[in-house]
Structure formats: C-alpha cells, structure tokens
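Written out below as structure tokens is the structure these notes cover.
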Amino acid sequence: MKVKVLCRNPDDYVRETTRDIQRVPRNYDPTLHPFEVPREYTRAMNATKLERVFAKPFVAALDGHRDAVNCMAKHPTSLSTLLSGSCDGEVKVWNLPTKKCVRTLQAHEGFVRGMCARFCGTSFFTVGDDKTIKQWKMEAPGYGEEEEPLNMILGKTVYTGIDHHQKEGVFATCGQQVDIWDEQRSSPIRSFTWGVDSVSCVRFNPVETELLASCASDRSIILYDMREATPLQKVIMNMRSNTLCWNPMEAYIFTCANEDYHLYTYDMRQLSMPIVMHSDHVSAVLDVDYSPTGKEFVSASFDKTIRIFPEKKSHSRSVYHTKRMQHVICVKWSLDNKYIMTGSDEMNIRLWKANASEKLGLLTTREKQAQNYSQKLKQKFQHHPQIRRITRHRHLPREIYSQRKELHVMKEARRRKPEVQLMCSERSGTALSPSKKKLSNVPSLLVSFFLKCKVLLAHHRS
Amino acid sequence: MAKRKAKASRVRSESSRRRSKAAKNSTQVMTYDDGEDELLEGDDDDAVISASEEDEGGSDDERKHRKLLEAISALGGKKRRKLAERSEASVQVSEFAVSAEGAGEKISLSDLLGAMDQTPSAVKSTKKQLQNLESCKDTLELPLSRQETEKIQRKVAFEKTSKDVSQWESIVKQNQRAEQLVFPLNQEPSGPKPVEHVVVGWKPRTPLEMEVFSLLHKNMQPINDPLLTPMEEASLKAMSLEEAKIRRAELQKIRALQSYYEAKAKRERKIKSKKYHKVLKKGKRKELLKEFEEMRNKDPAAALEELKKMELARMEERMSLKHQNSGKWAKSKAIMAKYDDEARKAMQQQLEMNKELTQKLALPPESEEEQEPEETEVVPDFANDAQAAADPANPWMMGKLSAEPAEKDCGGDDKESAVENTQNEEEREPEGDEEEENEEDVLLREFDEKRKSRRPDDDALAPPFQVDKEETEGEKKEEPVCVSSEDEHEGEVVSEFKSLFQKLLANGHESTVNKGTGQDAKESDAEEPALLDEGLSRVRSLEDVDELLGQGLVREHAEDVAEVKEKIPTTAEETKNERTDKRKKKKILDLNDVLTRDAKVISVPLAPTAIGEEEGEGDQRMLVQEAFAGDDVVADFLKDKKKRVEAGKPKVVDLTLPGWGEWGGVGLKPSRYKRRRFRIKVAPPPPRKDRNLPNVIISDARESSVAMHQVSQLPFSFEKPEQFECSIRTPTGHTWNTQRTVQKLTAPKVVTQLGSIIEPITRDSLDKSKAQTRGKKAPDIVLASAGAEGQGPRKGRRKAGENNARNLRNPRRRAIKRTK
C-alpha cells in the first residue's frame, strides 16, 4: 500500500527565528483588499520619501596625504585595501574598514603619475615624474627592513600612466609612446607610436585582455592590440580626453572623460560616432571608472563633484559633493559594487556609498524583501509627477547650480540660433537640416561652447 | 590562429635578438633609451635585408671613409683604441682570391652578356630571351611607403580585432535581456556538492579504478540513495509480492465489511417510521432490562454500580442545562415553535428528558436509560451547547412568553403530544398522566424562576421592550426592502465608480497623449531629459520632502488646470442609458423619497438592563448625538447635490435687446416673438450619472488635487495608455499576491553581494554560452543515477526519507540491506 504524503518546503511556513512573526495564511480575494492602486501609490510615495531622507552617501574621509591625491588603485583580491599616490610622490596603502593608513612609502620624487596593482595582488607598480617605473611588494617590509622597490626601471621620459594586464605578467605604460613591458625584462617588448607627443592614459581591456586604449594629448583616443605591430584605430575628438575606462562586462564598450565637460561612451568597433554622450558636469571631467557590474560608471570632475551615470543614459542618476571636497582628480568604484572612492585636490580620499540610500550590512530576509518591494514600487510609479519630483531632487552647491543654469541658457540659445536665423532670412522656405548628425564625435558647436564657458569661468573666478 | 602564432614567434625572435643586443652593449642595461633603440633597430633591419644586395655600392665609400679616418687619427698623433667592429668576411675578402679592389664598380647586364655572344655553345633561344630582357626597360614598382603599409596593416588588424570582439555581443545582449543578474557571475553554489556532481566529473585512471568502475557500471550501481541496484530492488519486490497479496486481501475484506456495516447503519437511520424506531427502542430496552436482571442475579455488586451510575447521571443532569432548552438549537426551535408543531414537540421532549433524568429513583429502577442513543436520534449535537448569555429579545427565553404559546395555541396538539408521552412512558413507568402534566408545569415554572433569578432586571424591562418591538415592526417591514435595494445600488455604484475612473483616466491620457505626441514631434530632436532636478535646497527630513512637493504643486498646477479645460465629456451616455433601463426594473422605491423622508423617531427607554459595556456604548452614542445635534448631514449632502445639478444645467442665453423694433422704456417687456427669437436654449447636457443615486455625487470634472498625482503624459517605452494603466493596475505587494509571486515580481534586476569581489567577465562564460547553444556534451562516466543529476539536494533527501519509511514497513528488507 502506498501512502501519499503532501510535502511542503518548511521554508514556506516555518519562521526564521522565534522572534519572527508567525506566518498567517491569507485570503487573497481581491474584493477583500480593495484600492490596490491608491494603496500601492501611497507606499511608493513613502518609499521615495524615505529614500531621499536616508540618502546619505558619504561614509568616511581618509586623511593623511600631504599633497593632492593624484592616482588610486584598487586591490584586485582584497576589498579592504586601497592604494593611493599623491603629488609629492608618496604612496599610501589604506585599510578601508578601519579607515587607517597601514603603510606609507616615498615612491617617487615629484608626482606619482599612475599606479596599478598586479592581477594577483602581490605587488603593485607606480610611475612617477622621476621617469621611473617601480614595482613594490604589497606587504609592508618586516621590522628593520628598508622600504625598497622590488624592481625599478629607469626610462628616458616621464611616464604618465600605467596599467596591468588582467592575467599575465605584462603591463603597459604611457608617456611619449605606449610601451608594453614584460615584468621580467627591463626593456619594453613593444612600443606603439602614432604621431603623438604624449599619451595621458592607457588602459587594458579587462575582458579582451590583449586590447588597450589610450588617450593622447592630440585629442585622440587610440586602440592597440598587444599582439599587433601597429596601433589599430584612432579617433580624434574636439577636446582632449583625460582618461578612459573599459566596461568590465561588455568587451567592446569604453567610456572616456573629456575636457569638454562630457563623457563619451564608444563602441570600439564603431569609433566614428559615440553611442552616448553623458553630460551633466559643469567642468572638465578628470576621471571615470566603471562599476564592476558594468551597469553604471562614476565620473570625477574639476567642478568638485562626482556623478554616477547609468551605462547608456545621457544624464546622471546621482551627484555627490561636499563642501570641503575640491577638484576630484581620481575616482574608483569598489569591486563589490557598494562603494566609491574619490581622491581630490585637498589631500583627502573619500569613501561614498554607491547607492546613496542603501542600507549596508547584513539584512534579514524580511528586510531584504521589504527593500525589494519598495524598489519595485518606486520603479512602478516612477512616472507619477510627485514621486518623480522627489526622486529627482538633488541639492547642488550654488556655484555649480548657477553654472549649470548658464550652460543651459547657452545651449538653448545655440539650439535656437539656426531657427531664428532661418526665420529672419529671406528664404524661409528652405527646410532645416536635421542637426542630429552633428553629434559625431564632438559637435563643433561644443568647442565654441567650451571656449565661451572658459571665458565665463575665468570671469567668474576673477 | 596560425597567423597569430607566427606573429608571436616573430615577437619572440625579435625580443631574443634584442636581448642579445642588450648583452652586447652592457653599459646600457638599466638606462634605457627608446628613441635610440628604435633607430638602431631600424638600421639593423636594413642591414639584415639589404646587406647582400648593395654591398658593392657601399664598399667603395666605406673604404674611402676608413682611409680618411686613419688619416685623421694619424694627424692626432695619439694612438686611439680601435673600435671593435663586426665585419662580414665575405665583403672584404673575395672567395675567389680576387682582390676586392674593383668590387664597388657597377656591372651592367651588357658586360656580362658580351661574353655570351662570344660563346657559340649558348642556345639561341636563351640569347633571344636575354635580348628581350635587355630591351625591356621597365623597373619594378617601389614598395609602398611605410605610412601606407602601416595603414593597411592597421586596417587589417582592426577588422580582425573587431571581429574577435563581436563574439561577445551575444553574451552582452543576453545579460542585458536577463531578468535578473546575480553578481559575481558564474558563482558556484556554496556548501558540499552532491555526490553525483563530483563523480560525474571524475575519470578512472589506474587499472584498479577502471575495473571497479566497470563493475559498478555493469551493475548499474546508483551512487547515493537508494543504495540498491535495480536488480536487487527487483528481486526484493518479487519476494514481497506474496505478502503484499495476502495483506491486500485482508484489507479488502476489512474494507468491505466496514462499508457493509456503514451502509446498514445508514439505512436504519434513514427509516422514518416512528413505529419502527419505537419497536427498536423497546427491544433494546428489553434487552437491557434482561441484562440487568441477570446481573442482579449473578453479581449484585455490578448491578449496584449500574445504579450508582444512574444516580450520577441524574446529578449531572441537574447540574447541567443540557436539556433545559437553553442551547442554540433550542433557541432556534423556540422561534419556530410559534408556527411549527414539530419544533414545539421537540422542545417538549427535551424538557421531558430533563425531567426524566432528574427524577429521583425511589424504586429499584426498571427502566435503565442511557440518554445518548436517543439523543443522537432526536437532537443534533450543537443543540445541547450551553449558552451563557441568552438573548433578551428571545421570547422563549423570557420564561412566561415561552410557556404561553405552547399552552395557548392548541389544546389538541398538546393532547396529542401528551398521548404520545404517555404512550412512551407507560412502558417504563406506571404513573398517571395527570401527575406527569402537573410535573411538567411545575418544571416549567421552576425553569422560569431560574431564569428570573439569573436576571433579576428582566421583569422590569420586559413590557416596554415588547411595546417597542411592536412599534418598530411596522418599520421593519419596510426597511429590509429599502436596505436591499440600497445595497444593490451600492454595489453598482462601486462598479460604476471603477468604470468611470478608468474612463476618466483613459480620456485624460488620450487628450494628453495627442498633445504629447505633438510636442514630442517637436522635441524629438531635443536631447534626453535630465534624470535629476538639481536645486539649491537640501532634503534632510520628511518635512523637507513635503515642502518640495508643495513647490512642485504650484508649478504643475497651472499646467493641469489647462489640461482639465481641454477635457471633453465622455462617451458614457450609451452605457448609462443601458444601465438606467436595468435599474428601472430593479427599482421599486424612489430612493430620494426614502432618504428625504423624516425618520420616525422612536422613543426607546434606555435599557438599564444592559451590561456595563453596552451601557458605555449607549453613553457614547448619546455623546455623539449631542455633539452633532445641529448637523443634518443628509440634508446638507442633498443640498450640495442639488446645487451641483443646478450648476450643471445649461443656461438659457438671453440675447434680447430692448427697444429694437418695439417700444422701449421702463417696465416694458420684450415681446413674445422677440423672446422666442433671441433666447437661445442650449441643448441639454447628457443626463447626470448620479441622477438615480441619491446618496452619491459624481463629478466629471477633473479635480486638480487628484490631477497632481496623475501622470499627464504617456511615459516613454509605453505605446498605448492601456499598457501603462495595466502596468500600474497590477498590484505587486504581498497584500494582493502570494509570497512566491511577490518574490518573483519584486526580484531586483541586479543582485550584488556585500563583500564579494566581482571579476570582469571571462572567456569561460563566453564558451559556456556557446556550449549551451550547441548542446551539452555527455560526461565520460554515466552512472545509474545520472538521471538524478539535476535533482537538488532536497529532492534527494526526500527520496531517502521515503526509502527509510518503506524499509521500516518491511523489516525483512531492512535486514537484507544490512547484510549487504
């Protein structure tokens, strides 16, 4: 005889702890629970309000550098470690949970121009104004030992940037040219030049690991393949790009931070036209870093703010600033997607939450569920005017606010100009040519716009 | 690939060459000069390529140069250390022991061919060829310039890499489309892996392992539960078959018997004949009596005990209210008793039972009664539930009232019942009828008294209450109708509200959408709107948020008002007409009349009898009444509605001008003709939706307070207003959905874990996705339970449990398992 047993998963009816509320079977008859839309709307409204109230992104400031922080590097295997190099040649290793500097070393004379950690996390490389590349051990030297680099390579010219290969013992430096180095050799295994006198940034593609991209001072972005003898492709923009960053989840996408206040996301197969132009900054964008999920990126700007952009959106979803934060020179997104680190002119490194209102730490299941639900509600009612207004409201310092306004006015004027001209001209019958095509690379409009801005800024400062 | 490899090897050779060079000029180990090296490299390359070709041309110059150098060094007088130079022997020294003196001079083809002419042995055809060659003056084309070659190289290389990179497109798109992405990607589930997974990936290497595996494979040995091979299991099954058969037969027998008895009992229970039951009872009683007699003869102790039992039963009966007609059932019967003889009878029976049980046993009992069988036949179980607080409105409970109808109504009935009773009792008790009746009365009276003693205030209450009831009865008759119709209307109103609301929404969308598309056409050229409203104000608390909303309100209000004006009355007319037709059928009373009629004021004496709580309630009601003494909410509402109706009616436009074509002056009215001509009547608006709903005001106007919260433009990515509405209408919360659904609905798109490093996507995932599309390759070792591979640990566990249970049931099999 067979006994059939109804089998249920205990997770469905057993509460997690004795303190938890007992599960009660519910009657889901819709007539018993009327007004679902208004009720959910109210919940969504509350959730949005709370989100704004709890949006406190600033976590900590790491104080200790004696000059502006010029570059930073993430530790590839340890989330709690951060490396930073300053303009006085000092490199500091930070422990983020304790917010303490665990190690300081005088790496270079003059600026530390760039740094990167080896993929295994055992050592890191720095380049400086003293024309050297130095490799350092990640661990601090033992008691009584001298702080000495593992390796040092003396070059002829200044290196302005460095990046390490994702899997092999190969790194790339940039300066007058882009060099590919083997860690074991004292000379580069390959160097690339393409009619440029200086390259400011070079980055390995984290996915297609043999590819590189660099930003040069002749306003170009150049792509390289480590295996090829020549560079691959070049695109010249209207303004110089400061840095670029590859998307860690999409092999062919990269974003560059430009001097013309914008960021441009390119598909490397189609360099003639950027996919998206990200604009919100009111001054040159100095650094950019993708979140490890590849869904968002953060940009640091000369206008003393950092902004977080969704990957393919032209406007930022969030802006962070503090009164004391000056020009933000470098920015990094932590490898667990939860924090953002910024290094700025006033010698501080700041730690921010990537999601301003997110509750960090361990969450119980019910908390998590509630969070998910409120997120969903916010998303569901995002188009409702009141909710939209609350979610979108951000505070900006007065300077940036006024600059934004100014820029907006200028942009509007520029947009209107051809229309007005046409209106005033005699042959008003001719149709307006669609101006959308002008976006290619950077519209020439932007240059004039930029110049105007410069003048205005100068005026503003004086 | 091959190309790339070749390239790699070239790189390697190059680097090795460079290394050797570095070894040569050892002064430059650390200090490294790129530019120079580049130059050197170029030279080197040239040397490699062209050394053999143009050494003749260069050697003359070289010689001169060397001489010059020597002369210079001789001039200086000092002996300079000669630089160590690498030189090829073949250039300096001729192989054929000819001095290399004239090596530099250019040799033309004709010089060489001169000798050819002189040799007669040369073939004519070759001569001709040579002549042709001589006459042909074309030179080879120059190789492309470096820039151009590089350009081509770059182009080729770029195409190749972009092709390589495009491989990722599929996985990128897949990730974009994914419902949920959990980072880090390709996580392995934590915890121990199930055995199947481990084993599947494992390959036997040593011969011993091979042997073992082949054995296991042959036997189809499962890895985990059940531990028996199919063969073994089959044999076990065979063994247990007979047992199983026997057991099944037994069970079948039992079941058949059971069902037979059940059927029998059911049949007997269903027999309606009273006589039959009586006979049955009688028989039972006789049997019992017989038994008792026997018992008395055989062992008096047992009989005594029986007696005691009966005594106990009496005591219990006296204590309980079981048969005192105080239960739910009794109450319901009491209500019915007025009209239903059966009910009355049943009640009486109950009382009889009570009497019977409480009677003292003077004599050695002849009738031995067990109440249960009878009870179950007559009264359902719930009838005997004791009730603490009886309803004061229940006449049956009021003692006298309850007694009255039974006595008054019909003597005949009573008699009949009495006859019945006597018939019943004649058999067990040889007592007189009158006595019994008296006793009954006495009992009833007692009962009443008991009630009264329990509620001493009831007497005082009863008369006025009764009067009240009668007064209100007239109304009650009317009210139910009214209420029901109202209820219906309420239902309708709700539904109507819903439909109205939706229509309103839809209309709003349509009008705005049209407008929106117009705007969109204009604005499509413009950029994507900003995601943030950046301002100077900070939001720190909830108050700030509200303030923020206030600001927004002022701004958006104006727009909304403008929109409202554009709204057109809806097409609700037709549907409304239909509905009104329906309603006409339903409607019996004019609801307006019902509502507006003055309520009949009933003076109810305050019931002091009520329990404390009720008193409090009454107080509160009084308080509320007092507080709202002046308010006539209903009248206000009606007035308000009337006003709205008036406002909604179209006004007659009067365009008459005095004096035109007529006499003018004070007190003169324009003529009838003129009035008819110039007073323009506007077509009546569609009938109001609430005209049949007296307690409802339906306003078609869009209210700005609501509009503030409504979406005025169809958001992007929605094509129709319906889509958007649908997305809003489906609730996501746990109030409306089961937990599982909520979890599914609210699952976030990107999940990251605090403290886990997210690596960039790797080639493995690309390969994996490719493999998935291609179909999985079968593992090398397939074991018997490979079918259970996909099962989670839970399922496996359950299976194990089942197995255990089966084993417990079958001890023999368990033993076998143990021996194995």
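Keep in mind that glycine also has a Cβ here, set from the backbone N, Cα and C atoms.
Residues or ranges marked as domain 'Sof1-like protein' by TrEMBL: A:354-438.
Note on the repeat 'WD' (A:62-104): residues 110-121, 124, 126, 128-130, 136, 138, 140, 329-332, 334-336, 339, 341, 343-351 of its chain, located 6 or more positions outside it, place their CB under 8 angstroms from a CB of the stretch. Positions annotated as repeat 'WD' by TrEMBL: A:62-104 (among others).
Annotation source TrEMBL lists repeat 'WD' at A:278-309 (among others). Within its own chain, the repeat 'WD' (A:278-309) has Cβ neighbours under 8 Å at 242-250, 253, 255-265, 315-321, 325-337, 340, 342, 344, 352, 354, 396-397, 400, 403-404, 407, 457, counting only residues six or more beyond its boundaries.
The repeat 'WD' annotation in TrEMBL covers A:321-362 (among others). Within the chain, the repeat 'WD' (A:321-362) has long-range Cβ neighbours (under 8 A, six or more residues past its boundaries) at 50-52, 54-63, 65-74, 76, 79, 82, 84, 86, 94, 96, 99, 286-293, 296-306, 308, 371, 396-397, 400.
As a summary of secondary structure, the repeat 'WD' (A:278-309) carries 0 helix, 18 strand, 14 coil according to DSSP.
For the repeat 'WD' (A:278-309), the model's pLDDT averages out at 95. Across the domain 'Sof1-like protein' (A:354-438), DSSP classifies residues as 55 helix, 3 strand, 27 coil.
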